[in-house]
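Q: Structure in structure tokens, see below.
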Amino acid sequence: METEVNVAEISALDYEGRGVTKVGGKTVFIKGALPSERVGFRIVRQKKQFDEAEAVAIFKVSDERTVPQCRYFERCGGCSLQHISPAAQVAFKQRMMEEQLERIGKVKPKQILLPIYGHVWHYRDRARFSVSLDKLCRLKLGFQAKKTNDVVDISSCMLLPKPVSDKLSAIRGLLQDLAEEGSVARFAEFYRGSEITVLNIAFKSKLRQNEENRIRQWFDSELSDGWQVWLQIEGGVSQPFYPKTDKTLKYTLPEFGIEMPFRPGDFTQINTDTNRLMVSRVVKMLDIRRGERIADLFCGLGNFSLPMAKSGADVVGIEGAENLVRRARQNARLNGCDRQTDFIAANLFDCTEKTVASWERFDKMLIDPPRSGAYEVVKSLHTPYLPQKIVYVSCNPSTLARDAGVLVEKGYMLSQAGIMNMFAQTSHTESVAVFDLLPQTGKNFLKIKGKD
């Protein structure tokens, strides 16, 4: 690859947080460069449509540049924006959302919401660590390096709660000992709840008795009563291992008086504090009237369903996995809102107009899909089953933009949109959008409803 150093002005950031410039008419994405900066860079990868490069010198520094706090930042793939000030990170994500909506969806929000800010350090309540062994059987524990599958061995992480970060070296030591005895962990992960922190370790095969004893001894010397070790064997379901405890892995939504038990492997938001703010905003956006029938699509464990029910709605949560549906029902009973909720197992990626009709009409709808979005759902919505309001929570601005374009074509107005800084120091963007059914579309609905 080229060793020559080129110099250019940076015009923008791409969706990964890389600086963008053009050289000889060809776009170049430069890691470590910011808009308005003049940088020296070296090409590291050439492609037909664009080149990728790394900044090697900065001749004009942006006011938005800051010093990364983590010593692993240059190599670790866990973060990509530590060199950008927190306020500039939020502004970048806001611009990215607006640009995607306009470019992909051909839509523009009537109102841009103020961002939801969260903590910028030590905010992660769960994380999975990769594990690898080198030829000398030395174990690495950490996150994968940028653009590769190599594991960056870390002894601390600025995004983790300090009590977890402080234990990384001890966890590595345990996994090293087990590897030398013949049991190499596939991965290790932690989950922090309101009562307890769980260390979940996955192995390809069942541990021997001496290895289990080694974990118990290690726990007693390294961890405290606020922890518990779980094991996942042969790709099965994780199970509590040591010690026995009455404490439950759960998170809380205090505004709604909700406790949400969960298990390792369940999807939960990684940032509990920002999740609380997000749930509160979404419930306010829905403007719930008592007795309204509201759908919660991709409902998971009921993160939105239960607060909506507590706010007076009759909620139907729809989720693809039967086990999650069962757990959502349990959570509803636990929180005293099972009479206001119903949960259905359905593959929303196979959604059709017939599927939508089978649900009957909802007054309002919440959509909270994975990164791939909810295209099959939004394209299947049709009169007379169009809800008056849709709130769409997204972790991928490009699929939000695509689906927003479909909803506007179906007679909705994109009333509001904004971001929530759920993933500080990374380029991942959590956003929310509100779609209101236009009056003319509503009249069409009323006419058809009257004929029925």
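Numbers here mean position along the shown chain, with the first residue as 1.
Each Cβ is built from the backbone N, Cα and C atoms, and glycine gets one as well.
Look at Swiss-Prot and you will find Cys395 tagged as active site, nucleophile. Marked as [4Fe-4S] cluster binding site by Swiss-Prot on the basis of sequence analysis: Cys70, Cys76, Cys79, Cys157. The annotation S-adenosyl-L-methionine binding site is assigned in Swiss-Prot to Gln269, Phe298, Asn303, Glu319, Asn347, Asp368 on the grounds of sequence analysis. Summarising the annotation, Swiss-Prot assigns domain 'TRAM' to 1-57 and lists sequence analysis as the type of evidence.
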Q: Measuring Cα to Cα, how far is Asn303 (S-adenosyl-L-methionine binding site) from the residue listed as 'active site, nucleophile' in Å?
A: 15
Q: Specify the count of other C-beta atoms within 10 Å of the C-beta of Cys70 ([4Fe-4S] cluster binding site).
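A: The Cβ of Cys70 ([4Fe-4S] cluster binding site) has 17 Cβ neighbours within 10 Å.
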Q: List only the single closest residue to Cys157 ([4Fe-4S] cluster binding site), chosen from the recorded positions Phe298, Asp368, Cys395 by CA-CA distance.
A: Cys395
Q: Relative to the Cβ of Gln269 (S-adenosyl-L-methionine binding site), which residues of the same chain, six or more apart in sequence, are found under 8 Å away?
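A: When sequence neighbours closer than 6 are ignored, Gln269 (S-adenosyl-L-methionine binding site) has Asp125, Asn275, Met278, Asn303, Met422 within Cβ distance under 8 Å.
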Q: For Cys79 ([4Fe-4S] cluster binding site) and the residue listed as 'active site, nucleophile', determine the Cα separation and express it in whole Å.
A: 16
Q: Please identify which of Asn303, Asn347 has the densest Cβ environment, defined as other Cβ atoms within 10 Å, among these binding-site residues.
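A: Within the set of binding-site residues, the most crowded position is Asn303.
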Q: Counting other Cβ atoms within 10 Å, pick out the least crowded of the binding-site residues Glu319, Asp368.
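A: Counting other Cβ atoms within 10 Å of each of the binding-site residues Glu319, Asp368, the minimum falls on Asp368.
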Q: Nearest to Cys70 ([4Fe-4S] cluster binding site) by Cα, among Phe298, Glu319, Cys395 (recorded positions)?
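A: Going through Phe298, Glu319, Cys395 one by one, the Cα closest to that of Cys70 ([4Fe-4S] cluster binding site) is Cys395.
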Q: Taking 8 Å from the centroid of the Cβ atoms of Cys70, Cys76, Cys79, Cys157 as the cut-off, which other residues in that chain fall inside it around the [4Fe-4S] cluster site?
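A: Sorted by sequence, the hits are Tyr72, Phe73, Gly78, Gln82, Phe143, Ile154, Met158, Leu159, Gln425.
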Q: State the three-class DSSP label for Cys79 ([4Fe-4S] cluster binding site), counting H, G and I as helix, E and B as strand, and everything else as coil.
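A: Looking at the DSSP assignment, Cys79 ([4Fe-4S] cluster binding site) belongs to neither helix nor strand, so coil.
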Q: Run through Phe298, Asn347, Asp368 for me and report the binding-site residues whose CA is within 10 Å of the CA of Cys395 (active site, nucleophile), in sequence order.
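A: Passing the 10 Å Cα cut: Asp368.
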